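Worksheet: the structure to be examined is printed underneath.
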Amino acid sequence: MSPVPPLPNVDAPASATPRRDGAASSRWRRLTSLTLRSGFALAVLGVAVWAIWRAVRDTSPAQILTALASIPAWGLLSALALTAASYACLASTEVILVRAMGLKVSGLRSALTSAASFAASNSLGFSLASQGAVRLRGYGPAGLTHGQIARLTLVVSLAVTLSGIVTAGLTLAIAPLVFAHALGRPVLIIGALALALMTPAALWFLAFRRSRPAWLGGGTAAPPSGKTRAMALGVGLGDWLTSDAALFVLVPHPTLSGLAVFLVVFVLGSLISAASGVPGGIGVFEAIVISLTPLVAQTHETAAALLVYRLIYSLGPAALAVALFTALKTAARPSTSPRGAAP
């Protein structure tokens, strides 16, 4: 008796179809999300361009060129030094967070990777994506997994963002009368707003403990000391202070009262431009700063300062990071010349 031939596998096409449908649905969701994000970014950029045009429509290119030429050498050197200090603060924040998360990476590697990742995001935008790509190159050889790098990128970005909010709140608390006069609001309202903005500072002292909750880094085997937590908060504030000052020293006749207003506007512009989805926040940051700082400097002076600031703070470190990665890659590449060959 011959064996019964196997029945056709009628289940295969049925099981394959849902998989194909699921893949198509996933691609459609990604395409829809990309379209919405791109449309939102273009809309924000359009509003920013309109705001810049409205602010500079009575300003001639000659005025901006004159303002560029009048930036003193000490202002340029100060901007360079403050930029270096800002990136050093960012690197220090990352070194502290790497240790708090229990990741086995040297401090030097963390500092260099941090500087390169923030240089990329400051010039290209797409903070999480660009920083994550650079950190994969920096931390991958050290043995960190993709998941660990993704979590580190998210935590560092969150820490820097919250530090900006705390910096704005601290500035309001230090100079409430200045902002009450500038905004036309009672001092009590300014004080309440300052207190609300400074609240996230408490997270540095609540996160990364042996106890839960897990979403605050609970379960850390070796939690940071109180001194380390205070240092992390300090370098977070220092980053925003120095990055703002790097722009402010390029404006003619900087004053302490002007610095307070400028700092809050700077933080606001940085956070909104980062959330806009526009690459590097180009145009969005400039529109906010130019529109909200007429009491600090004239429009053509602020425009000139912003142009120089983009070169010093964004493009300069990015070019340096590219050169460094290229040099390291070249140095690591094995020589193709035969050993012992004559030069």
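In case you wondered, yes, glycine gets a Cβ from its N, Cα and C as well.
Summarising the annotation, TrEMBL assigns region 'Disordered' to 1-23. Among the features that TrEMBL reports, transmembrane segment is placed at 34-53, 73-98, 149-175, 187-207, 245-268, 280-297, 303-328.
Counting only same-chain residues 6+ beyond the ends of the transmembrane segment (34-53), those with a CB under 8 A from a CB of the stretch are 276-278, 283-284, 286-288, 290-291. Between the transmembrane segment (149-175) and the listed ranges 187-207, 245-268, 280-297, 303-328, the one holding the most Cβ pairs under 8 Å is 187-207. Within the chain carrying the transmembrane segment (303-328), a Cβ under 8 angstroms from the stretch's Cβ atoms is held by residues 56, 59, 64-65, 67-68, 71, 76, 79-80, 83, 86-87, 112, 115-116, 118-120, 122-124, 134, 137, 243, 246-247, 250-251, 280, 282, 285-286, 289-290, 297, all 6 or more beyond its ends. Residues of the same chain lying 6 or more positions beyond the ends of the transmembrane segment (280-297) and with a Cβ under 8 Å from any Cβ of it are 44-45, 47-49, 51-52, 55-56, 122-125, 182, 247, 251-253, 258, 261-262, 265-266, 268-270, 272-274, 303, 305-306, 310, 314.
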